[in-house]
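See below for the structure under consideration.
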Amino acid sequence: MSPIDSQLPMPTGPSQGGGTGGGSIALNTLIDYIIQRTYAEMSVLSELLPRKSDMERKIEIVQFSQRTRQLFVRLLALVKWANSASKVDKCGEICNFLEQQSLLFVETADAMARMARETLVNARLPNFPLPYAVDVLTTGTYPRLPTCIRDKIVPVDPITVTEKRLTLQRLSQVIEYRLVCSELPPQMRRLKIENGRVKFLVEHEFEVTLTLMGDSPTIPWRLLDIAILVEDHQTGDGKSLVHSLQVNYIHRLVQSRLLDNEKPLHDLYRMLHSFCLSLQLEVLHSQIQRLVRERLGDSVRVEEYTPGKCLVVSYWRDQIKKEKDSSVYKLSVHVSEEDEGKPLQISHIPLMTVEEARKVGLSIRSEHLSIEKLIIQTIEVRTHAKLKEFAKDLQKYVDGPCEIKDVPAVLHVPVLNPFTSAEVLRVAIDIQRGTFLTSVPCSNHPVIQEIEENLNGERRHLDKQIAKLRSELALLRCEKSVQQLPASSHRQLPFINFAGHALESLSKHKLYVRVPKQTSYAVVVEVEDVPPKSFVYKYYLLEMATASTENTDNTLVEDNGAVKPFLKAKHLTPINIFSLTHGPYATVFSEGDELELDSLSRKRKLLLGDQEGPPAKMRKESPYFVAPLAFLLAHCEEKLPFVSLTEELTRRNIPHQGIQVDGEGSCMTLTIMDLPNCKGCTPETMDELRKNLLSSKFRIQVRPTRNWIVEFVFTNCPIKTTSPKEQGPIQRVYFSFDLNTDQASKTVQDLLDEWTLVANLYQAVYNFSHFFNDSRTGLQKLIEVRSYNYRKLTIVYGVTQTSLVNIAWRIDTKSFHLTLGTCGQNASTINPHVLVITQLQEELNCANSTDAVANLVQLLNDTWSPLTSINKLSTSPLLGGSTHPKQSMLSFTIIPQSTTHVRITFRNVSCVDVHFRSGKMVAVRDGAISLFDTSKVIDGFTPTPGLKAFLNMFVDETVTGSHPRRRSTTEEDHPLSPIGMDSVEIFLPQNPSVGSPASRPRQDGNLRFQNPMTPPSNPHTPASPSTSRISSVSFLFYFSYVLS
């Protein structure tokens, strides 16, 4: 469709002459006319429809819609036709133009013929007017025109600007004089005189402009303009609310009242002010109808509306439904009956006080008409008054002041004292319904809803509900406090014997708090109300146990195999929290007394001239944290294990001193008075041990894990050690046990086991001390007692003092246990007695004599040197040592027979028996020969040829001379010859054997071995192929070579 603006302009008037073209009008003008007509009809309908019935309004709206639809359908058809009629329009214009030209020719011909026939026949030429011509040519004017013609045709000369200014100034003076002489309404004192007119302004109502048509005092005022200033910013978008037709009607009506009136300006103000008040009431009425329809609904209703007089609105309608005798809350906006010049007045039902009425306003503010704002202000004042009245009734139930805060107003009721902002009962009033709304920020307990229902009802037993809420908030404090601790809280627990138990006698406001790490105990916190405004905490310790369906008579649900978390309540013990928290280490004075004493002390310092110290710091404690409960839980967590332990100790007849506070209140302790005798220990040893035992105490270690710590304090250690930690008159021994209240019997048994360990080891050490302290034995030169901590005895021995042995008592095997090791920078890679550790341990446990440890130490020193040499034999498997190259074979195998007898086999062919003797002597024989029949050879072994000749090279004659032996023919080749191994020096070749990492020989003791090039192996793995063993292959190979 082509745009309308591109069409040719159509003539705005009817065509001249008798042509066929009819009248035309511009399309935009036609659309403007149609829109103006529709708007005018809608304006008329908006003013007339509210006065008609519902059915009539519907009929008028339908008729208006039908007329408007037909009109716009015609306009649409016209527009479509106009878009397709451009050619027709052009042709029509051409035809009209031709007709006009033809008409002009015809008229011209007719006029010329008429002139020739009628006018020119009688025409005569007058004399030439020479004076007139001279005037025209000289002055350029025609002054000799006849008067009759000049008065009718020539206009009068206009007045000048100065004359205009003087005339308007004179007219302004006349208006000013008229206003001074006349009486003006008080509301029209704001005026402005300018350019011969006066403008009166009444703010937010109207503005009129008047003038006078002369200076006579009888000339009436002439009304020039009226402007209505009443606006509705919510719906009108700042547009005028009065139609121009209405303004014209008012203009004519007011002008008629200005004529022949003694007080025309008063009448003018009354008419326009009355109209503006009616318009304001209409605006307020339309606003309240829109609020009812869109948002407020039944909460607000228009009770009465009289146009131009009053508007009555009722609010808080729900109060009428709930309370039969309650008064209806109404807001009335009406015209003042006493003084019509006043603005719209506001009145309230029920009546407000003067202060409350002033807060809302006594009259309507015309600068911003809003019935919603007026209702909200009224409700705020009503809410504040209602809450203030309720606060007086509620103050007798609470300890702190009830305050009205926030916007909208909320009543803060401090149920607890001291309190936090989250524990305040907040009472507000619903803006739409006028009902009470209650809430507590930190809780959603049902009692809050009960208080709300009671406030909106009969308000009975409000004190009990406040007390119930106080108790619930007090319990909530306990729950929040427990959340910061490693404990759990429960309002209820599944007890199967609750009925008839002492728990049933407690109040409903109680809380079960499980003691941390104690499954069988819980702290019961009971909140007891102290009328009328306070409460008190009561604490109980509840012992409980798990229950099942088998051990109860109560009827439970069917057992489907799942675990039932039922509990059985046992003893309920009340706790005096004051005596618990104010123990022997608590302060004597209260906080107030301390502050008073501190102030007296400061005054005394000021009087004496002393300098005043820093001010005392006030402790800041959150009322939300219940410190006594936290202290009680910590106390129970620490003390309950001691209680279970004392019961078990008493059951086993072990005397103790009970639970005490250790030191300066740092922790709790349990002191054991005496421990029983141990099996296997002599009474003399036990008496000596008890005599030297100063104390034995139980303590609890919290970090890193919770454990029992048992401390034994001993004195008069039977043997002196070289450890720096064990010097001094006393020695402390600590044991650690698992902390479990349910296994107190295990803890006591562990204590007795450790006591048995200490006693058995003490007996062995005590007997050994007699030999060690005796200088005649020479043990102090042979060994070094490195440590004795009553749990383990550590002895360093050997020629180089690099080997050590630990002697301890094992509870599981009830015997001594040996562990070997090395020490010092020059220590070998492994302790040489690892080979015979089983035999050493068995011999120590089988010996019942008092010199068992002394004998063990002597044996270790005597056998250290030969075992050191034997330990260097390589036990690594070798390849290529037999007829099968791929089959590995052990080079040397060391088989301990006893603590002093070792059998050494070489490649499972040759065997040598080595017997260790005292005095640094060993006895060597061929192990392939049978001990019972020297003529027979043991299966699997071959006698070593040339062994006698080789051993004779190292025989100590001083020993063999004093030890005559029986010789046989076999012994000639395989003698038993004790030789001094430490005195033997074997020269080894410089070249190392195959696989040895040694690069040069060095002398170690009396034997020469290769220097190791690799780090030593782990000393706790005797079978590891260390460098020392590899380096000894040269010696062993040479030894085997010599034997061959």
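From the backbone N, Cα and C atoms, a Cβ is placed for every residue, glycine too.
Copied over from TrEMBL, here are the features:
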type   : residues : note
COILED : 448-479  : coiled coil
DOMAIN : 25-213   : domain 'Mediator complex subunit MED14 N-terminal'
DOMAIN : 292-369  : domain 'Mediator of RNA polymerase II transcription subunit 14 RM2'
DOMAIN : 372-478  : domain 'Mediator of RNA polymerase II transcription subunit 14 RM3'
DOMAIN : 654-741  : domain 'Mediator of RNA polymerase II transcription subunit 14 RM5'
DOMAIN : 779-846  : domain 'Mediator of RNA polymerase II transcription subunit 14 RM6'
REGION : 1-21     : region 'Disordered'
REGION : 990-1028 : region 'Disordered'
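Sequence-remote contacts of a segment are chain residues at least 6 beyond its ends whose Cβ falls under 8 Å from one of its Cβ atoms, and for the coiled coil (448-479) they are 322, 390, 394, 397-398, 415-416, 423, 425, 427, 435-440, 442, 489, 491, 507, 509-511, 513, 525, 527, 529, 531-532, 535, 537, 623-626, 629. Secondary structure by DSSP for the domain 'Mediator of RNA polymerase II transcription subunit 14 RM2' (292-369): 20 helix, 24 strand, 34 coil.
Residue counts for the domain 'Mediator of RNA polymerase II transcription subunit 14 RM5' (654-741) under DSSP, split into helix (H, G, I), strand (E, B) and coil, are 14 helix, 40 strand, 34 coil. Applying DSSP to the domain 'Mediator of RNA polymerase II transcription subunit 14 RM6' (779-846) sorts its residues as follows: 19 helix, 26 strand, 23 coil.
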